[in-house]
Amino acid sequence: MMNMKEDKKNTMDMTNMKHHDERKKLNSSQGKNEIIFPEVAESKKDNNGYKNYTLKAQKGKTEFYKNNFSNTLGYNGNLLGPTLKLKKGDKVKIKLINNLDENTTFHWHGLEVNGKVDGGPSQVIKPGKEKTIKFEVNQDSATLWYHPHPSPNTAKQVYNGLSGLLYIEDSKKNNYPSNYGKNDLPIIIQDKTFVSKKLNYSKTKDEDGTQGDTVLVNGIVNPKLTAKEEKIRLRLLNGSNARDLNLKLSNNQSFEYIASDGGQLKNAKKLKEINLAPSERKEIVIDLSKMKGEKVSLVDNDKTVILPISNKEKSSNKSNTPKVSKKIKLEGMNDNVTINGNKFDPNRIDFTQKLNQKEVWEIENVKDKMGGMKHPFHIHGTQFKVLSVDGEKPPKDMRGKKDVISLEPGQKAKIEVVFKNTGTYMFHCHILEHEDNGMMGQIKVTN
């Protein structure tokens, strides 16, 4: 029989223990930074009909707060990973590369595949090693995700940035928004704690589930979303280590709940709130056209603002441009600058183009976690025509023949490019220090 002293001691121990379901206070987003959306992963189809992808788990640095860089992890970049868009019936081949200093795996959360390629703890890829997996997609449309699953370091690797989305695209016609990054929006919600404005998992780790005091959406601190006055589809992932979310709109308006973890519902449901456990996904459609002029936010049940949403009117000044043949992504600041994720290599030809052939290039100044900076983009050996900026007709001072276009963070332009001579030409940012730091590429023009 337990004596009185033991009983008193155990009672005190239980009193001092933190309850497993206790919620750490989460601070509201101040809505200072526009969210950015993960890039869509590019694939190449081989002669056997497989869509080929490459995913690298790698180390990086992320500027969550101005002039404060955190050590982070990402897939094919500094933080998070690209979105893989698949369809039912696709045959898929993915080269998985571990560029970390520790073991990792690549787990396809929610994907129905053979256990040999599921990416569980037994399917370790060691540092510096790689392997290729194959599978066929046998599921209907759904929002899934991928993340590491190495024992015992899953929590640490996910917290530090290893997460990405995987769509199985709509196979049946429906009226749901489907323009990725415009009205079909991936929303990865996470909570983290920053120590002196830097990530430090070891100092914030909790064995009963690490919860943070700062909300991030798609890796952005103090996020906000600006969207047109139309229906928008939010593909919500609770990518937190341990925090449950109970999401609703701040104006208490209802929305359509259209899909759960495994895919679309037979019939959409009108709801005013949804629960999201860690790793859970749900899709909702919000009709912003019915909320003109309103300040609305996606909030957690304790009124914590997760994502302020502001409306912008539909633009009537759209510019119709031909199909894009080349995409240029300008990224970074200081010496962390790249074009399409690459530093300049004199032995690498990035693009080719035929002599006298008109092509449309899309130039994007990718906004980073702190907003980024303006980049003047220059092409050697040609004068180009600016067709559009952010989908609209270019401003008057961007018309006429040009060889430099300067883009603000987040801006995207389409330009018409024709080369009248053959040879190898440079394209680069014309901030000279950025050029010297590798923000440059090469195009070869041939007959």
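Glycine is no exception: its Cβ is also placed from the backbone N, Cα and C atoms.
According to Swiss-Prot, the compositional bias 'Basic and acidic residues' annotation covers 1-25. The region 'Disordered' annotation in Swiss-Prot covers 1-29. The Cu cation 1 binding site annotation in Swiss-Prot covers H107, H378 and is backed by similarity to another entry. Swiss-Prot lists H109, H147, H430 with the feature Cu cation 2 binding site, giving similarity to another entry as the kind of evidence. The Cu cation 3 binding site annotation in Swiss-Prot covers H149, H380, H428, and the record cites similarity to another entry as its basis. According to Swiss-Prot, the feature Cu cation 4 binding site maps to H375, C429, H434, M439.
Cβ contacts within 10 Å of H147 (Cu cation 2 binding site), excluding its own Cβ and spanning all protein chains shown: 21.
Annotated pair M439 (Cu cation 4 binding site) and H428 (Cu cation 3 binding site), C-alpha to C-alpha distance, rounded: 6 Å. The Cβ of H149 (Cu cation 3 binding site) lies under 8 Å from the Cβ of T105, H107, G119, G120, P121, each on the same chain and at least six residues away in sequence. Most Cβ neighbours within 10 Å, among the binding-site residues H109, H380, H428, H430: H428 holds that distinction in the structure as shown. Here the binding-site residues are H375, H378, and the one whose Cβ sees the fewest other Cβ atoms within 10 Å is H378. In three-state terms derived from DSSP, H147 (Cu cation 2 binding site) belongs to an extended strand segment.
A gap of 39 Å separates the Cα atoms of C429 (Cu cation 4 binding site) and H109 (Cu cation 2 binding site). Reduced to three states, the DSSP call for H434 (Cu cation 4 binding site) is helix. For H428 (Cu cation 3 binding site), the nearest of the binding-site residues by C-alpha distance turns out to be H378; the candidates were H109, H147, H375, H378. In the three-state DSSP scheme, H380 (Cu cation 3 binding site) falls into the coil class. In the three-state DSSP scheme, M439 (Cu cation 4 binding site) is classed as coil. H109 (Cu cation 2 binding site) sits 39 Å from H434 (Cu cation 4 binding site), taking the C-alpha atoms as the reference points. Take the Cα of H434 (Cu cation 4 binding site) and measure to each of the binding-site residues H147, H378, H380: the nearest one is H378. In the three-state DSSP classification, C429 (Cu cation 4 binding site) falls within a strand.
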